[in-house]
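*Asks:* Here TrEMBL flags 1-17 as signal peptide. Among the features that TrEMBL reports, disulfide bond is placed at Cys21-Cys144, Cys58-Cys64. Residues or ranges marked as domain 'Peptidoglycan recognition protein family' in TrEMBL: 22-164. Among the features that TrEMBL reports, domain 'N-acetylmuramoyl-L-alanine amidase' is placed at 33-170.
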Amino acid sequence: MQKLMFIIFLLFRIGDGNENCPQIIGRSEWADVDAKSINYLIIPIPYVIIHHTVTAECDTRSTCIAQAENIRSYHMDSNGWDDIGYSFLIGGDGNIYEGRGWNREGAHTIGYNKKSVAIGFIGNFQEKAASDKMLNAAHKLIHCGKSEGILRADVRVIGAKQVTATKSPGSQLQKQIRNWPEWVSTP
């Protein structure tokens, strides 16, 4: 019960317009399908794992919402997962779209789902770099998580390819995140 009350407290704090937190387009604003089941993360979370979705890019709210829904549908309907795999998505429009959110275990990186938040950049960043808008949104999101105590103050940011057999987050985005102060070469 105490854990549930803490989670509710955190959800209200994040939603109260804290100046440290960017606007997040809530799940209810883009998806009308609930998760099949939910497992909660233990806070504070030690890792943020960066991915790319290897889908078409988007540059408007409406195209990003369509892409988020396509990703959710693929994860749930084709892969048979309980929900979209990512905690958050970053669109080319610079918006942050809630996936599983801060407190729910994702399905993104085997061995790290129980101890990380996943940020999926919508698009393919193998050959192309992510835009400054996208990078700034991710920085603000990470800062928010740290300032709210959801992420550890010494949170470690890694690309998915650092801990599992994947090309995600793509060569170009991996180069970009290596310049972030939270990035670590070895988890």
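Cβ atoms here come from the backbone N, Cα and C positions, even for glycine.
Keep in mind that this is a model prediction, so the values were computed, not measured.
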*Asks:* Any idea what the Cα distance is from Cys64 (disulfide bond) over to Cys21 (disulfide bond), rounded to a whole Å?
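*Replies:* Distance between the two Cα atoms comes out at 20 Å.
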*Asks:* Give me the CA-CA distance between Cys58 (disulfide bond) and Cys21 (disulfide bond), in Å, as a whole number.
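*Replies:* Cα to Cα, Cys58 (disulfide bond) and Cys21 (disulfide bond) are separated by 23 Å.
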*Asks:* To which of the disulfide-bonded residues Cys21, Cys58 does the lowest count of other Cβ atoms within 10 Å belong?
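*Replies:* Across Cys21, Cys58, these disulfide-bonded residues, the one with fewest Cβ atoms within 10 Å is Cys21.
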*Asks:* Taking the Cβ of Cys144 (disulfide bond) as centre, how many other Cβ atoms lie within 10 Å?
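*Replies:* Result for Cys144 (disulfide bond): 20 neighbouring Cβ atoms inside 10 Å.
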*Asks:* Just to be sure I understand the packing, how many Cβ atoms besides its own are within 10 Å of the Cβ of Cys64 (disulfide bond)?
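*Replies:* The Cβ of Cys64 (disulfide bond) has 24 Cβ neighbours within 10 Å.
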